[in-house]
Every structure is written in C-alpha cells, then in structure tokens.
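Positions annotated as compositional bias 'Low complexity' by Swiss-Prot: 291-317. Per Swiss-Prot, domain 'LysM 1' is recorded for 243-286. Taken from Swiss-Prot, the feature domain 'LysM 2' applies to 319-362, supported by sequence analysis. Annotation source Swiss-Prot lists domain 'LysM 3' at 393-436, citing sequence analysis. Taken from Swiss-Prot, the feature region 'Disordered' covers 217-244, 291-319, 367-392. Summarising the annotation, Swiss-Prot assigns signal peptide to 1-57.
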C-alpha cells in the first residue's frame, strides 16, 4: 500500500487484530478499505503491517526486486517513449515492493488494473466511495502471465487514455517531459489524486538511483562506456567481431544488446551470467556478427535494432455525450448502436460504473494509416477498407445465441466478432449488443 495514500486519521486502527494482507486498487485512486475473504482491512492497517520495506535503505532484497522488474520495465518504457525510472518507481509504490497480494504470483498485477487479460481475472471484494457512501463490490482484476504483460498494460493506459481532449497522460511522456521530475509531476492529480504522489515517486527514484535505467536504449555509432572492438574480417560480407565492454552507470543487458545488435542470451552465455544483474565497472565480452557492405578498409558501423512504439490511431471523428441522471452503459450502447465493451474500450473504463457529468465517447471512427516497413517499401491502399464501419451490423444477443451461430449467420469469422467487441472469451450474455458484421 503506498504511503502517500493513507489517511492519518485512521491511526487508532493500529491496535486492532492483525488482518490478512490485501491490496489496494490504484486505478480508481480512492483512499479506502479493501475487503478480502470477508475481513475488512483498512488501508492504514495495511501500511502498519508493511512499513519496513518502504523505509529500508537499499538492501539486497530491494535491489533484487528492482532488477527483477527492471528487466521488463526498461524495454517496454524505452519502446514507448516513457521514463523507465518512473515506471519502476510506480510499480514499487503501487505494489509496495511486490508485497501486495495482487502483484505476486500467480497474478503479477503490479498496478491494480481491473478487468480481464486474455480471458483471465481474479475477483476480490473492494470498497469504493460512490455517491457519498462506501459501497462494497466484487471487482475483477487482471491476471498476467508475468510482470512483462503488467508493464505493457500500464504503458497502454499511459499512451492511449483519451477523454476527448487529447491523450490524458501526454505530459508524462518523455517527449514532453524534460526530466523524470516533470513526468512524475504530470502524473500527480491524474494517475493518482494524492498531491504527494509525485514526491513519493521522486524519493524512490533518487534513493535507489533508478535513473540508471533511463539511459538510451540504443546508442547509434558512438561508444560511451569504454569498449575495445577487434574485427576478424574486413572484407565485404559478414564481419565477425569480439568486443570487451566496460559496464557504466545506467547500463542493462537489454540496452547493451540493442546497442551492439546481439541478444541478451548471447551476452549471458559469453560471460557465464546466471541472471541479468550487471555491475558498474564489470567487463563483458560481446561476441556476434554484424552485417557489413564495406568492400574494404577498417571502418565499422554499429547497427541497432529499431523498437516499435505504441502509437494510438488518431480518430477521424468521434461523438461524446455528458452522462445525465438515469444513464447506463447499456442504455447508451442501445441508443448509439454499439456494444458495452466498445464503450468501455473507447473510454478506458474498468467497470460499468459511470458518473453524472462524465464525458463519454459513444461513437468513433479511426483514420486509416499505412505503417512504413522500411526504406524502399511500397504500401498499397485498399479503398474498400475505409468504409468497413459503414456496413457494420449490430445484433442484440438472445437466448440460444453463440459466437459460432452468429458467425454463421453473419458470415464473419468468430475471431473478427471477438476483436470488434473486445471479447476475451467466447462467453456472451443475453441482452448484450455485438457488432457481427
């Protein structure tokens, strides 16, 4: 449980009987209580049970946890223009150093994101403050195969959340934040309502030197860490090379592998490494081959592997409405001829709860784009693809309907129907609206 989200007025709860550890759902950003297995555990009491890991100095256990999540966080953050240091600090704060029930195996949900992931979820009783009172609800939380998918999902939230006025977290992106402090300031009041959220992240980043993970994921043709390269062949074709590299602050095996065009597994094998942990000043042998087109001479050019960014498509047009008394997602889906799943996807809703005065996207058509596959590639446009939404057919599920039956009726593959309606399983519900064509 994050320190920054605790109500000090609940200090008297320290004297109560110790209750099972629970987790806090950060997506709603409400300070409250969590009900696990029928036992109500306050957020303050959770803190009292878990204070030690939050105030400890850099120990072997904390460094081990940092390294274990950094291996997933850095490549994901680098590929999507985010600060790895900030993402790692968020994971530490949201999961209380991986001690929250939800962040541990078999759930691996570091950020408390609700919903399902590839059809898998775990249900816990939680309390939310709605309409002036606490309400206990059964809420599904996503279950991931590993920390890597948890970081990818959190990245998707940071890159694609849009309430109609542009990307909601754009100021936290590396392109718009000159320093990690700018990024944490941009998250404060948005990702978390606590005014000290950014300061808490900054303290973790500073104390554990997390900026060492903010180094460039690829470094062009310049060696800045001190390396000696020996070429065994300068002729045209494939040049086999052996390089001794000295680890510097901010280096990771993944970053080095990207810089020199070899895999992490190759580096580990060449240096008999049993993990991805490396140390400043450590000498690493980098062996591999680099493709070259030189017909002679001794000049080398380092080749880096480009990363792929998650860039949301810009909507060509969209319709938004302000929620009024009596509105429900089901009623809005019927009125605007779409599905509840689609409304939740457009508005990044983790539950069916909506609020009076909330702005919701109820209709949206995305502009088509042709990603480049490299220099000299040719993109072919199909003029029929831009009109696919105009022929969409919405079906209300009735008793006896199945995805297979609807696919036979509409002539659309089951996979397409699931993709259009963001279904993670083959389960459909009576009264549900589905796009089937």
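Here the Cβ of each residue, glycine as well, is placed from N, Cα and C on the backbone.
Using DSSP to sort the residues of the domain 'LysM 2' (319-362) gives these counts of helix, strand and coil: 15 helix, 8 strand, 21 coil. If you take every residue in the domain 'LysM 2' (319-362) and average the pLDDT, you get 79. Break the domain 'LysM 3' (393-436) down by DSSP state and the numbers are 15 helix, 6 strand, 23 coil. Assigned with DSSP, the residues of the domain 'LysM 1' (243-286) fall into helix, strand and coil as follows: 16 helix, 8 strand, 20 coil.
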